[in-house]
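Visitor: One structure coming up, written as structure tokens, with questions to follow.
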Amino acid sequence: MFLAKSIVCLALLAVANAQFDTNYASGRSGMVHLFEWKWDDIAAECENFLGPNGFAGVQVSPVNENAVKDSRPWWERYQPISYKLETRSGNEQQFASMVKRCNAVGVRTYVDVVFNHMAADGGTYGTGGSTASPSTKSFPGVPYSSLDFNPTCSINNYNDANQVRNCELVGLRDLNQGNSYVQDKVVEFLDHLIDLGVAGFRVDAAKHMWPADLAVIYGRLKTLNTDHGFNSGSKAYIVQEVIDMGGEAISKSEYTGLGAVTEFRHSDSIGKVFRGKDQLQYLTNWGTAWGFAASDRSLVFVDNHDNQRGHGAGGADVLTYKVPKQYKMASAFMLAHPFGTPRVMSSFSFSDTDQGPPTTDGHNIASPVFNSDNSCSGGWVCEHRWRQIYNMVAFRNAVGSDAIQNWWDNGSNQIAFSRGSRGFVAFNNDNYDLNSSLQTGLPAGTYCDVISGSKSGSSCTGKTVSVGSDGRASIYLGSSEDDGVLAIHVNAKL
């Protein structure tokens, strides 16, 4: 028995270690969540923008059939009707083509998968034509029957782990992942996505499922499809949605042995800092000292589709596209700092927190409109197309694994640091100018500041920085400038 247990433990360990690898193509980093985009539009974006600008991955909205809800809110996609690949974003053929096209240009696909639950009452028909009866827990499109669900009960006490994991989240019919038939169906669904070439999954509502059940499901998944450029034996990267701000019965540490987690404390803390509630000087020990999970277990972000709307965690401290100067600074810091696996949010604009994506007719999702300066219109925000963000993805790629060096701060809200001898950033969140001679760590030369502009041939469309033979440079960041950050790196040398 002891031997059998040891073998099981070793097997889980092997599974776990593989599941922390993002499976990114070499020389790339950073993923973007193209929230509610259509598959055909994502494929084109991989080819036209994400690939050429060094992005490593794209997180996509749920790919499986969901309940059609009145006024088509964004959250209808988190109400599954079946595992057929038919949504407002497109069908299976379009999704498969998207994954293939993105992989071909070095951009990996990560699917937001929902298998904690099925649709709540009122979700009687789906985007793929299936019908269901959530009130009787009948979902013939899978098929699931009442035998596959936990008994109906509500979650109202987050200090009771049994209730959080066995009862229904806001009325969503709660699947029993300990049931072998449910496990079979979930594995079948995820394996099908692996066959199509995806690199990993964001597991929605992982906190509401038992870690032991998830370990079984993850452990049964097939290895990634080598036809799509993955190394033989590669496992899907798994990032689990576990909101753990402390003080509840369930901790992210119960899940970090199985895969990475969505580190909501990062979002909350970075928001407080760049909103001026904490000083930038305190960022000197950014990382686990702030209560975050280990770096390779942390998917980090400034905001996500939930908390930008006040759902999830972080409340009013969360930064969004609606406060662009601070948002760009926080995003630049996240991308400049080596901690965690960063994910950039790409939103549609909203005034109502239930509002769905832009449509052509109230139902069919509209494609983003691209402007000459790379930005989007037509109701899409496209933060990933803001120069201050996509140029920092290139910065992250340029500095690689080089460590933070040459930390400087003014004892308040002005900081700077280098990433070895390959990149340098400075931030000013004070209400007075930053004007100092700082050690950049970089070789002598003239560099293009990739925040105010971009390198174009041998010139720069923004500010330039002259680094002396001693590595020092005069750094000026006016408090009233559009951007409170400056960044230079070896690939932006003129």
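Each residue, glycine too, has its Cβ placed from N, Cα and C.
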Visitor: Looking at chloride binding as recorded in Swiss-Prot, which candidate out of Arg165, Arg173, Arg265, Arg343 goes with Arg202, Asn304?
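Guide: Of the residues offered, the record points to Arg343.
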Visitor: Of the candidates His208, His228, which does Swiss-Prot annotate as part of the Ca(2+) site that also includes Asn116, Arg165, Asp174?
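Guide: The one candidate that Swiss-Prot places in that Ca(2+) site: His208.
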Visitor: Let me make sure I understand the structure: which of the disulfide-bonded residues listed (Cys167, Cys376, Cys448, Cys460) has the fewest other Cβ atoms within 10 A of its Cβ?
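Guide: Looking at the disulfide-bonded residues Cys167, Cys376, Cys448, Cys460, the Cβ with the fewest others within 10 Å is that of Cys167.
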Visitor: Tell me whether Cys46 (disulfide bond) sits in a helix, a strand or coil according to DSSP.
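Guide: Cys46 (disulfide bond) sits in a helix per DSSP.
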Visitor: Quick check for the class: what is the C-alpha distance, in angstrom and rounded, between Cys376 (disulfide bond) and Asn116 (Ca(2+) binding site)?
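Guide: Computed Cα spacing between Cys376 (disulfide bond) and Asn116 (Ca(2+) binding site) is 34 Å.
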Visitor: How many other Cβ atoms sit within 10 Å of the Cβ of Gln19 (pyrrolidone carboxylic acid)?
Guide: 23
Visitor: Over all shown protein chains, what is the count of other CB atoms within 10 A of the CB belonging to Asn116 (Ca(2+) binding site)?
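Guide: There are 25 such Cβ atoms around Asn116 (Ca(2+) binding site).
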Visitor: For the chloride site as recorded (Arg202, Asn304, Arg343), determine the largest distance between any two Cα atoms, in Å, rounded to the nearest integer.
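Guide: So the binding residues stretch over 12 Å, Cα to Cα.
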